[in-house]
């Protein structure tokens, strides 16, 4: 097998979801629709929070950042995929692949950590309501957000730097619609032990720790809700968690589904298709979850639309 140093590599080939020529226009319009819905939906959530002073609370501060992260998360992969379909090209440059991989990991990890922070916010609001504004003060919220960004940036940077040390073979076909970390590492001809070790360690830590935090928070939340005497009080307390709980279930459910499908099959194309669920579908559905199940967001969106209509 011919081996080349990474400095000689100029491009990778993204094989995408299907090589069927007749399917390409359908895939283009399907993913363009989902991307526009994701972008506009999350942008509306951001605008609703900015323009409504009643939503300037810790809960919506983190939702604002989650919506921003979702826009960036999908923007790292879908525009390039659409461009490749439109130009009938499967090429992505070596530098472009590294950059795409870095930002995809960054915003994916940020989503994960923000969901954990939002679970903690709900825990404090329900279990310690009288101390909520004291604990979740602006400085502490800023610190939580800064920590989320730092962890995401450092982990993504570490993976990116470790990719740069690898040498690649002449076969540079990625069986995916974007530069997925594990797929890229598998193309290397040099020793990938450290990369594999880092992937498993970081993935384990960044899934187990946040998920444990979420489960702990909700165990305490459920315990507190059960202690409320009135049915109305229980419903009111639980209703503040429904949107977040739905988003968490969707995020971890789709991610776990992709992991199990990739573990049970050697078909990389099938794994790529399954990954659409957490890379595109989940960010697209989040605005609907929060707008349909959250009265404050629904009211803020109505106010936003009525204001726009008045201006027109």
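Each residue, glycine too, has its Cβ placed from N, Cα and C.
What TrEMBL records for this protein:
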type	residues	note
TRANSMEM	26-50	transmembrane segment
DOMAIN	41-290	domain 'G-protein coupled receptors family 1 profile'
TRANSMEM	59-78	transmembrane segment
TRANSMEM	98-120	transmembrane segment
TRANSMEM	140-164	transmembrane segment
TRANSMEM	197-216	transmembrane segment
TRANSMEM	237-260	transmembrane segment
TRANSMEM	272-292	transmembrane segment
On the 0 to 100 scale, where does the mean pLDDT of the domain 'G-protein coupled receptors family 1 profile' (41-290) fall? 91
May I ask whether the transmembrane segment (272-292) has at least three C-beta pairs under 8 Å with the transmembrane segment (26-50), counting pairs 6 or more apart in sequence? yes
Could you check whether the transmembrane segment (98-120) packs against the transmembrane segment (272-292) - three or more CB pairs closer than 8 Å, residues at least 6 apart in sequence? no
Per Cβ pairs under 8 Å, the stretch of 59-78, 197-216, 237-260 packing most closely against the transmembrane segment (272-292): 237-260
